[in-house]
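Taking it in order: structure first as C-alpha cells, then the write-up.
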Amino acid sequence: MAASQLLAAAVAAAVFLAALLVPPARCQQQQVANPGPRVRQAARIDAVRDELAAEVQAKYGFCMANVQEDFTQAFSFSNASFVSDCMEETQGQMTGMLCGKAEIEIYVKSLGKKPSTRVSRNCDQNSWALGCQPGWACARQDSSSSGREVPSRAVNCRPCYPGFFCPRGLTCMIPCPLGAYCPLATLNDTTGLCDPYSYQITPGSNTACGTADSWADVITTDDVFCPPGHHCPTTTQKFNCTEGYYCRKGSTEEHKCIWKNTCKENSTKEATALFGGILIVILSVVLLLVYNCSDQFIKIRAKILSKSRRKAATIAQESATARGRWKLAKELVLSHELEMSESDQLAASSNEARHATEGNGKRSKNRKKLAHARTERFRRAYSQIGRERVLQPDNDKITLSGVVALAAENRSRRPMFEVVFKGLTLSIGKKKLLQCVTGKLSPGRVTAIMGPSGAGKTTFLNAVLGKTTGYKKDGLVLINGKSGSMQSYKKIIGFVPQDDIVHGNLTVEENLWFSACCRSSKGMSKSDKIIVLERVIGSLGLQEIRNSLVGTVEKRGISGGQRKRVNVGIEMVMEPSLLILDEPTTGLDSASSQLLLRALRHEALQGVNVCAVIHQPSYTLFNMFDDFVLLARGGLIAYLGPISEVETYFSSLGIKVPERENPPDYYIDILEGITKTKMRGHAAPKHLPLLWMLRNGYEVPEYMQKDLEDINNVHELYTVGSMSREESFGDQSENADSVHQNVREPYSLLDRKTPGVLAQYKYYLGRVTKQRLREATLQAVDYLILCIAGICIGTIAKVKDDTFGVASYGYTIIAVSLLCQLAALRSFSPERLQYWRERESGMSTLAYFLARDTIDHFNTLVKPVAFLSTFYFFNNPRSEFKDNYLVFLALVYCVTGIGYTFAIWFELGLAQLCSALIPVVLVLVGTQPNIPNFIKGLCYPKWALEALIIAGAKKYSGVWLITRCGALLKGGYDINNFVLCIVIVMLMGVLFRFIALLSLLKLK
C-alpha cells in the first residue's frame, strides 16, 4: 500500500485515538470520591468526543458510515480491568503518559514511512529519553501545555502497559483498539526480538520489552491483531476458540457455528461448504418441482380441453342430427307426403309435444352438464361450424355475386378488399425486376401467380404489399379505388411467407390461438375466436395434431406438410380481407394441396381476396383457382385473367396444350423456350408479354418497340379469333356493378381495432411462460453451470482480509456476467424471424419485449441464489449473504439487458463472442488505476465491484479500521455508496433494455 494512501487512512484511525481519553478517564473516575469533578470531567470528554466525531465525519466519511458506531466498536471497552490495573500501578499518573493530539499527528504522518521519521522534540538529536524506545513511554512534565504542542516527557519512563501501544520516538502510549492483542512482550534471546512483536530494544541498555509499538494496516504489520483461531475480549486477554465456535483474525468474541461438528477447536472459519451443498439440493428440488409440475399442468390442461372439446362435439352432432330429423318430418307433413288420420295427427302431435318436452328435459340436463364455460364455448363453435357446412354451396358453381351475398353479413369483420395496380414497375439500379404490371386482385376470388424461376413472383407480391425498401418503385397501387399505403392496412392483411415461420416449442393449437387472440378484432368474443379457430383447424385438417408440438430443427415435431398448413392457418385465424401466400403448396402432396386450396376457397366465399404464388400445380389443383397471373422473365405479364379463359386466350395465339400436358407447366415451358411451338403470325414466345399489352391497350415501353416491329399484322392477329378485353374477365365483368357497389361502399378499412398493448402483453406472457417451461433442460444446464462456476471461483479465489477480495470479486463479476449474458441471448436470437413476421402484421413490439423481460425476471431473481449457494459458502467472505444477493441481483439484471441488446443487434455467433469478450474488457477497464474516473464510471463492473467491497468492508471494525480506510482509499470507494452502486447498476440494466427496445422497433 502506498505511503500517501496509508497516510490518509491512518489519519482517520488516529483521530479516533485522540478520543481514547474516554476509557482511562472513565477508570480514573472510579478512584475519585467526589462526584462533582467526575461529572465535569465526563462532560468535557463527551464534548471532545462530539467534536472529534464531527471532524472525522467531515474529512474521512468515505470509510465510516457511522462515526459514533465505529467509535463504539473500536474503543468502547466493556471490560476495562487493564485500565484499572494501570491506574493502580501508576498511582493515578496514567493520564499523563497518554499521547496528546500533537503527538498523535506525528504518529499519523509517519505511517507508511521509515520509523526514524516518527520522532518528537523529546527524541531528537539533542535528546533521546529512555521512553523513546519502542514499547516505552514517559510521564508528562508540564500538564498545562497546549494540546497543539508536544509536551516535555523525560521523567518516570517505563515499559508500555498491557493494552496500550507505544510508538518509537514519541515517549507516550495509546490504547489498543478492540480486536487487538497487546500483551507485555518477552525478550527472545535467540532473535533479540520482543515477542510477539517485531521490534528490538537497544542492546546494552537498561531497557526491557514493553508492549506493542505500532498499530497500522494489516499489510504493514499484524502484530497487534488478535490471531485467527482466538478471540480477545479485551486488548490484554486472548482465549482459544472452543469447539463449536470459530474466530476470525481480529475477533473480540466467539462466533457460534450452525452445526457444532463443523467447527473444531481454534477454528478460523465455519465449514460452510456443506450448507452450500444443501442449498444447491434444495434449489434443485424446487426448480424440478416447478418445471415438472408446470409441465404436468400444461398436459393436464390440454387433456381437460380435449375432453371438453370431444364432449361438445358429440353434443353438437346429436343436436344437429335431431334438428335434421325434425326438419325432415316437418317437410313431409307440409308436402302431404305422409297421410295420416286425424287421430294419427293428434297422436303425432301428442308424441311431438312429448318428444319436445323430453327434448327440453334433456337440454336442461345438458345445460347442467355444460355448466363449464369452456365446454359451452366449444359446443357453440361446433354447432356454428355444422350449420355452415350445411349451408355452404358448391364452390364450383358459386358466382362472384353469390360470393358478395355470402360475405355481406361478415363485412363488418372482413371488409371487401380490392387491389388494382397500374404500370407497376420495380427496379434496383439499372435492373428491372417488374415492368409495366397492370391488373387487379378481386375480393372473393383465389388468384394463382405462376412463372419461371426468377420471373419476379415474390417480388410482385412484395411490390403489391409495399415491402420494397431499397427499390425504386413506379406506378400506382389502388385499394378499393383509392391510393394509399398497404402498411396502413396491415391489420386486415395476412401474409404467409415462403418459409414456415412458426414457433417450434408451441403446439399447433397454441400457435393458431395466439394469432387469433392478438390479431382479431378487439371486440371479438372468446366464443367467436374459438369458432374461427375450430373452423381453420377443421378446414386445414389439423385435428389429429392440434396438441402436438410443431418442433424445431433440433427437436422433431410434426411433418413438413403439416407445418406448412400451420403456417397458413396462423394468417387465416385473424380473418384477413386480403390473404397473400408465397408458395403455400411447396412440399405438400396432392391431397394436402387440395385440402389447403379448399380452405382458401372457403375463405374466398367469405369475401376474402386470396392470392398465392404456386409452383407446378396439378391440373386438378390448377382448376381450383379462379384467376391466373402468368409472369415472364423480367417481371412482365404474359396473362392475367380467369382460369376458365386461359386456354382460349393462348389458343387464339396458336398455342394449344397437347393432351396429357398440364396447361400451366406447358405455358411456362413455352416462355422458357424449353418447348418449341409455332405461333400465329410472326410472333415468338418472347413476344407473349408484348402481345398481352397490345391486346389490353397498355402502353408499350420504348425498349420493346423493336419487338413490336418484328410482329407483322399485329392488329389482325387480335381481330381474328381473339377475346375482347372485357371477355377476358368472364364472370367478373358479368357482375361488375354488384362488385363495385359492395367494394366501393363507404366502409373504412382502417376501422379494425386489434387488442391493445396490455391485452397483447397478457397473451405474450402466457406464450413465453409455456415456452420457458418447455425449455427446462436448458434452464437446468444454466443453473448447473452457475453452481459449478461458484464452486470453482469460491474455492480458488479466496477473499483476503488485506485487500477485501478485490481480485477474487473481479473474477466473480466476469463469470456471472458471461454466463448470464450468454443465457439472455436466447430470449431474442432464436425468434428473430417470428418477431419480424408478427411485427409486420401489426402486433405490439412493446408487449412482446415486456413479456419476455418479465418472464426473465424469474431467472434474475433465482440465478444469484444459485451462484451464491456455492460461491458464498465455499468462499466464506465476511459480508452478509443478503448484501451479496443484492449486488448479484443488480448485476444479473444489468447484464441481461446487455444480452438483449447483443441478441438484437448481431447474429447469434457474433452476439456470443461479444458477450464473452465485453465482461472481461469492462472489468479490466473498471479496475485500472490509470483510467479516468469518467471512463470507469461507464463500466458496470466498477460499480458492482465497489458494492461487493463495501459489503465486506462494513464487517471490518475495531482493529481493522485503518485497513478498511486504506483499502477503500486505494480503490476510490466510499462506504456510504452501497445503495448508490446498486441503483447505478440497475439503471444501466434499464438503459440497455431501452436500447434493446428501440433496436427492436428499428430492426429491419
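Note: Cβ is positioned from N, Cα and C throughout, glycine not excepted.
Going by Swiss-Prot, these are the annotated features:
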- 1-27: signal peptide (SIGNAL)
- 271-291: transmembrane segment (TRANSMEM)
- 343-373: region 'Disordered' (REGION)
- 352-361: compositional bias 'Basic and acidic residues' (COMPBIAS)
- 362-372: compositional bias 'Basic residues' (COMPBIAS)
- 419-659: domain 'ABC transporter' (DOMAIN)
- GLY451, PRO452, SER453, GLY454, ALA455, GLY456, LYS457, THR458: ATP binding site (BINDING)
- 776-796: transmembrane segment (TRANSMEM)
- 804-824: transmembrane segment (TRANSMEM)
- 886-906: transmembrane segment (TRANSMEM)
- 907-927: transmembrane segment (TRANSMEM)
- 943-963: transmembrane segment (TRANSMEM)
- 978-998: transmembrane segment (TRANSMEM)
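Across 271-291, 804-824, 978-998, stretch 804-824 shows the highest tally of CB pairs under 8 A with the transmembrane segment (907-927). Taking every listed stretch (776-796, 804-824, 886-906) in turn, the largest tally of C-beta pairs under 8 A with the transmembrane segment (943-963) is reached by 804-824.
Ranked by how many other Cβ atoms sit within 10 Å of their Cβ, the binding-site residues GLY451, PRO452, GLY454, GLY456 place GLY454 at the bottom. Listed in chain order, the extra residues whose Cβ falls within 8 Å of the Cβ center of the ATP site residues GLY451, PRO452, SER453, GLY454, ALA455, GLY456, LYS457, THR458 are THR459, LEU631, ARG633.
Cβ neighbours within 10 Å of ALA455 (ATP binding site), excluding its own Cβ and spanning all shown chains: 24.
Within its own chain, the transmembrane segment (776-796) is flanked in space by residues 276, 280, 283-284, 287, 291-292, 295, 808, 811-812, 815-816, 819-820, 823, 826, 859, 862-863, 866-875, which lie at least six positions past its ends and keep a Cβ under 8 Å from the stretch. Proximity of distant same-chain residues to the transmembrane segment (804-824), defined by a Cβ-Cβ separation under 8 Å and at least 6 residues beyond the stretch ends, is recorded for 782, 785-786, 789, 793, 797-798, 856, 859, 863, 867, 871, 875, 877, 888, 891-892, 895-900, 902-903, 912, 915-916, 918-920, 922-923, 927, 941, 944-945, 948-949, 952-953, 956, 964, 967, 971. Here the binding-site residues are SER453, THR458; the one with the fewest Cβ atoms within 10 Å of its Cβ is SER453. The number of other CB atoms found within 10 A of the CB of LYS457 (ATP binding site), across every protein chain shown, is 22. Predicted-model confidence for the domain 'ABC transporter' (419-659) is 88, expressed as mean pLDDT.
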